[in-house]
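Listed in TrEMBL:
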DOMAIN    16-302  domain 'Citrate transporter-like'
TRANSMEM  26-57  transmembrane segment
TRANSMEM  64-85  transmembrane segment
TRANSMEM  105-126  transmembrane segment
TRANSMEM  146-167  transmembrane segment
TRANSMEM  173-198  transmembrane segment
TRANSMEM  227-246  transmembrane segment
TRANSMEM  261-282  transmembrane segment
TRANSMEM  294-314  transmembrane segment
TRANSMEM  334-352  transmembrane segment
Amino acid sequence: SRQGLQPAGAPVRIYLVDKGYSLQTLYWLTGTAAFFLSPIADNLTTALLMGAVIIAVGAKDEEYVGLCCINIVVAANAGGAFSPFGDVTTLMVWQKGKLHIPDFIKLFVPSLVNWLVPASIMGLYLSTSGEPVRAGLHETVRLHPAALHVILMFLLTVMLATGFHSFAHLPPVLGMVTGLGVLKVYGYVMTVLSGYNVHGTDLDRIPKHVQALDVFKRLAQAEWDTLLFFYGVIMSVGGLGLLGYLDKLAFFAYGTFGPPVANIALGILSALVDNIPVMFAVLSTDPRMSDAQWLLVTLTAGCGGSILSIGSAAGVGLMGTARGLYNFKVHLKWSWAVLLGYFSSVVVHLLLNGK
């Protein structure tokens with residue numbers, strides 16, 4: 001039995017692995033978990049967590065891991081599309097005031113279709129489905145009491161971000177950084193109460209469950225290469241906007257073809273240049289559209305990034321953690337199935353939510 005806090009996601013990972021599910025069952029469980037966790041935990045975090053489960057049980061079967069990683073990326077991106085907190089693109093739309101929180105729920109069914117279509121197709125080609133698998137993780141995980149406090153602070157942070165935006169008309173980021181500040185203070189206080197010197201003298205001897213509350217250490221472990229990649233792309237898009245090219249592109253796309261066609265095309269474009277800068281470009285040009293069309297571009301930008309592995313934070317992050325098992329070429333092989341799910345979700349959205 002382990003005491004104290006575990007590395008991020010360890011309880012979920014150990015539980016799923018130790019249950020001895022078949023590879024076929026694990027394929028669907030991780031996809032389902034990614035779809036429903038993404039609206040809360042964001043698509044990148046969800047993809048990395050579920051990817052760790054798949055790598056733990058199927059690292060010897062590259063084809064299986066590749067299919068599961070694609071499934072996880074599509075599910076995480078699709079799940080994040082119907083929540084303002086599920087993806088950076090949806091957060092951008094909500095923060096800009098184009099859609100309200102209840103509006104995002106309308107994308108649940110289209111998002112579900114977006115994932116289920118390629119998942120069902122790829123599920124037919126799984127290399128194995130019979131024998132239950134275990135990865136030697138026969139452990140009992142018990143949460144440290146501080147973990148419950150951190151969960152409550154997370155929920156408080158979400159409420160702060162929502163409240164700041166809805167009632168005080170302040171940027172949601174203020175609520176997020178306020179929650180981060182509270183977490184840092186809590187971590188410092190807990191470390192001091194543990195009786196260890198937080199200024200370095202006894203740093204190596206601090207127990208792991210106390211070190212887990214070191215927020216600065218967690219920030220240092222973030223995927224900074226991925227974050228810097230997105231920062232560079234957004235800076236490039238911002239430069240194009242400053243030079244006036246985005247306005248010309250928006251006038252051509254939305255003026256010539258109309259919002260429906262333009263929004264569907266932008267979703268496919270997001271697979272090439274990532275969905276975050278695409279949504280940034282749309283919000284920068286601010287075309288006149290109905291709520292249904294803002295929902296459409298939210299869906300297409302969020303889910304269109306699944307067509308290629310480089311099209312979303314989930315795909316880029318998972319390529320970094322599953323090197324040699326999941327890459328651009330592996331994902332490209334099944335892009336046709338993802339594209340089929342993409343167009344299916346667009347049709348369902350137009351039928352349910354109108355034009």
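Backbone N, Cα and C atoms are what each Cβ position is placed from, and that goes for glycine too.
Owing to the predicted nature of the structure, the values given are computational and were not obtained by experimental measurement.
Under 8 Å from some Cβ of the transmembrane segment (64-85) lie the Cβ atoms of residues 23, 26-27, 30-32, 34-40, 42-44, 46-47, 50-51, 54-55, 58, 91, 93-94, 99, 101, 104-108, 110-112, 114-115, 118-119, 122, 125-128, 158, 275, 298-299, 302-303, 305-306, 309, 312, 314-315, 318, 322, 325-326, 330-331, 334, 338, 341, 345, all in the same chain and six or more residues away from its ends. Mean pLDDT for the domain 'Citrate transporter-like' (16-302) in the predicted structure: 81.
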